[in-house]
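According to TrEMBL, the protein carries these features:
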type     : residues : note
REGION   : 585-608  : region 'Disordered'
TRANSMEM : 173-194  : transmembrane segment
TRANSMEM : 201-221  : transmembrane segment
TRANSMEM : 241-262  : transmembrane segment
TRANSMEM : 295-316  : transmembrane segment
TRANSMEM : 351-370  : transmembrane segment
TRANSMEM : 377-394  : transmembrane segment
TRANSMEM : 489-510  : transmembrane segment
TRANSMEM : 516-533  : transmembrane segment
Amino acid sequence: MFISGYSVVAGAAERLVLGYDSFGNICGRKNIPVEGANLSGLDMTNKKYVFFLNSCSLEIQSLKSSSLSLCVSSCPQQQLNSLEDLQNFARNNGSLLCVYNLNVSSYILNPKAAQLCPTLPVPPSKSFPLFNRCVPQNPECYSKYASVLINMVNEMDVFHRILSGILAGRDTVIGLSVLALAFSLMLVLAFRFIQTLLIHTLIALVVFGLLFVSGVLWWLHYDYRNDPSTELETEKENVKFLLGYAIFSTVVTVVLLSLIFVLRKRLQFAVQLFGIVGKIIGRIPFLLFQPLWTFLVLVVFWVFWVAVLLSLGTAGTAHSTSGGQVEYRALSGICYMAWYHFVGLIWTSEFILACQQMVIAGAVVTYYFNRNKNNPPLHPVLSSISVLFCYHLGTAVKGSFLITVLRIPRIILLYLYNILNHKENAKHLFNCCFCWVCFQKSCLRCFNQHAYTTTAINGTNFCTSAKDAVCILARSSAKLGSISFFGDFLLFLGKVFVVCFTVFGGLMAFNYHRELQAWVVPLLLVGFFAYLMSHSFLSVFEVTADALFLCFAIDMETNDGTAEKPYFVDQELLTFVSQSNKFTEGRKHRSTRPFQDNEDGTELQPMV
């Protein structure tokens, strides 16, 4: 919260988005005066473009322009050869190209007009949409202007280049996030009414998407690397990151294709599993609305997070110079605050997803431990939400923190991979560490889900629930693990489908604006948002299935199927588990059944 408040007070994201003149005025808005600068604090609402008085001889030193810059309402689209042309242009278009304190009628009469007006002749220019600058269209001036702009971008540090890339591609990022939302909604509806044909179609689309995205990444890397016009530092960074993306995508493609080939005959179990899960969701229809609320909360948080990030990137203090101009001096320590802000993005996003998982798990537990399956409890979702906010927010915080702890080392390892790209021994060590971190994070995410379900059953804290979940799963994992694995794998393919096709759209969109964007970071954000959206929507089925199996394991431990202690499980789920594990005689021979009796033999009930 301190970071957010500080960034709003000290930052001015509009400077980066809209541009500003030499007197501290942000173009396109009303401004606050700066002490010692007489021409600051002007109303620039109708003046949205930055115009340099000497655009043909522009020089940049330490990110500072040698030419005065003004906010103008329109750029001159024809060459202006004299002060009379400047005066006529101002009267006809309302766009003043001389310093603000020079009256239009004095353009010709004032002896200092030559110093206060642009260098003649003024070349024709057009507004540049990414940075709202008037870019000269004269070939000679344009080449000089472009070279200066390239040097300015190269002098920026990585943090500000990333911010520029995010700002330049903000509309594309929003559009791709909407595309990921559409894909996620489509998959939710598909899994709700899943059929065997749908599984084969999904697998075919995932295989096509993986191969296609990997091929496009390798092609873009080759195209960028062999492009003779690559001069910007952002373009060179794009080449490096594209190579990393291409290698990572290829490895993931090979691994997933191998798993699909090995498990192709066992995916029929997933069809039956999702049939059972679909019936449960059909009896608790409000479960399907949980991803929508989660998505809205995530969108609000992401918008807030990006706004704070932009404010951090422009945090600085305005100082007037001897000539009445204004310069902004960046504050020290901003980059460290930005890294802290990135950790907040991961932790808060995971916390929101953890809350959704707890709500779903609580509703499924309430439904499962109900004797009359045809008459489920009233409002199980609302009841689960109430219990979460009253008792178990700390459990969600702890679980999401553990995920964050393992996600951060993975990001650090990706950064080290870029540094150690040409050292084979270091690369081998990196690959081993990276695989270990990814495996641990995947196991921890599954572990957290079971801990959330145990919390919903017993009402215990996170650590106690996690211990109980481990003990239960250790006794039953041999029989239930393989069944749950097929369902989780199919859902993971669904997430890969959303990420693949969203990233492919991002590759095509960002490739059109390659010259001034460090678009590998916006593309990474797009992939991250797409994964979170798909995970948010598909986790309804994932959490429901996991909670169902954990409830089943506890049911088998607690009850024996007799009249005194009947099972809570319905016959369809019991038959499915029995057929899957080939232990149809399990209930008849209690001494050989895979689930051991609880010591006290008491019956567990869901917390209400």
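Just so it is clear, glycine is given a Cβ too, placed from its N, Cα and C backbone atoms.
Source: prediction; values computed, not measured.
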Do any residues, 6 or more residues outside the transmembrane segment (489-510), come within under 8 Å Cβ-to-Cβ of it, and if so which ones?
169, 172, 175-176, 179-180, 183-184, 187, 191, 199, 202-203, 205-206, 209-210, 212-213, 216-217, 220, 256, 259-260, 263, 267, 270, 274, 517, 519, 522-523, 526-527, 530-531, 533-535, 538, 541-542
Distant-in-sequence neighbours of the transmembrane segment (377-394), which means Cβ under 8 A and at least six residues beyond its ends:
284, 286-287, 290, 355, 358-363, 366-367, 370, 455-456, 459, 461-462, 607-608
Would you kindly list the residues that approach the transmembrane segment (173-194) from elsewhere in its chain, counting only those six or more residues past its ends and only Cβ-Cβ distances under 8 Å?
166, 202, 271, 274-275, 278, 281-282, 288, 291, 295, 491, 494, 497-499, 501-502, 505-506, 509, 522, 525-526, 529-530, 533-534, 536-538, 540-541
